[in-house]
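This report concerns only the one structure given below.
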Amino acid sequence: MTLVKSILLALAAGHVAQAQLNTAAKAAGLLYFGTAVDNPDLSDSKYLVNLETADFGQITPANAMKWQPTEPSQGSYTFTQGDQIASLAKSNNDYLRCHNLVWYNQLPSYITSGSWTNATLIAALKEHINGVVTHYKGQCYAWDVVNEALNEDGTYRQNVFYQHIGEAYIPIAFAAAAAADPNAKLYYNDYNIEYAGAKATGAQGIVKLIQAAGGRIDGVGLQSHFIVGQTPSLATQKANMAAFTALGVDVAITELDIRMTLPDTSALQTQQSTDYQTTTTACVQTKGCVGITLWDYTDKYSWVPGTFSGQGDACPWDSNYNKKPAYYGILAGLQSGSGSSSSTSSTTLITTTTPTASSSTTSATTTSATSGAAHWGQCGGIGWSGPTICVSPYTCQVLNPYYSQCL
């Protein structure tokens, strides 16, 4: 190696080390690079210090704005936890991406066990959305209005809202959110819609459903909970993003993490870095992909080990806040160049001006290999080393080459 080449490589290494993720994201044309946070994490001073750096320009409350914590009894609201995170976003001058208004999980018992009619549940749905969105009006850049409404085959989940209202609950929810805060971006958010298939087609159908009802939907959130070595290819992710943006909506990567089977190895870390780079590059190189959010940035607070037995180390920082190779994979993706990642929708973008996959927002869980994977759990796919049978009465069904699930 020549001396000149050695110097150039050293300079390049120094440049990468000094760059930071949100700065690089904005330079690439994205609005932000951010992370989900949960209220218990905020007592950790080192955690907070890292949030104040130029690595992050957006915050999502992981749990604090969901139905159970915000309206635990009907008509009685509590915003203490959500306000704490909104205040943090304001003090850091970050975008606040609010999460979420309507989900089948983390619902209070008065919703799940209520004696509802179509009319009374519609009224409760509208009242909840109006109460929460009005409280945070002007603070949220975007809302995940409806979260995870689909089964893996693209049909609607049989949740309490669908059972009493039908698919109409989705455009009703979007209309209520739009009325409460006309300037907030409104998203549908889900997992396993990052590649072409029945579920992605179902999500595109939700976009069309809202549009056909005369409503406004501004974007689709691609959660992107991936597995090391099984992340969809760059071409696959870009084509899938383009299928959504062709409908006139933005996309955002909303809950990114890439888990591995433990114990961690250098080879797994290298592959994880490549997988993070692939996903980041897909967003940067897709017009209409507006930003990327990690589902927490450090392994110390990751939801993965508590949900997927034997798996973890899914984040770009380790439990001691050291940057892993994944961090530099993200940075390389952000510096990969693009056409343009600007928004495809026409509503006004806002940042937080005054004070959001769920430590686990996905419903997939696993159990030990001896007992089989639980309902909705992963049971196969390229590189999968976990259980390949399901607990009764569920069966393992192949959804795509990367993912089989107990259904």
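Numbers here mean position along the shown chain, with the first residue as 1.
Yeah, the Cβs are placed from backbone N, Cα and C, and that goes for glycine too.
If you look up Swiss-Prot, you'll see 1-19 marked as signal peptide.
The domain 'GH10' annotation in Swiss-Prot covers 20-333 and is backed by sequence analysis.
Here Swiss-Prot flags Asn118 as N-linked glycosylation site, drawing on sequence analysis. Its Cβ taken as reference, Asn118 (N-linked glycosylation site) is surrounded by 12 other Cβ atoms within 10 Å in the chains shown.
As annotated by Swiss-Prot, active site, proton donor applies to Glu148, with the evidence given as similarity to another entry. Just so you know, the Cβ of Glu148 (active site, proton donor) picks up 25 other Cβ atoms within 10 Å once every protein chain is counted. DSSP assigns Glu148 (active site, proton donor) to coil in the three-state reduction, outside any helix or strand.
Glu255 (active site, nucleophile) has a Cβ environment of 29 other Cβ atoms inside 10 Å. According to its DSSP assignment, Glu255 (active site, nucleophile) is in a strand. Feature annotation from Swiss-Prot assigns active site, nucleophile to Glu255; the stated evidence is sequence analysis.
Sequence annotations record features per position, and here Swiss-Prot assigns region 'Disordered' to 337-364.
Per Swiss-Prot, domain 'CBM1' is recorded for 371-407, and the stated evidence type is sequence analysis. Over the domain 'CBM1' (371-407), the average per-residue pLDDT in this prediction is 66.
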Rounded to a whole number of Å, the separation of the Cα atoms of Glu255 (active site, nucleophile) and Glu148 (active site, proton donor) comes to 13
What three-state secondary structure does DSSP assign to Asn118 (N-linked glycosylation site)?
-> helix
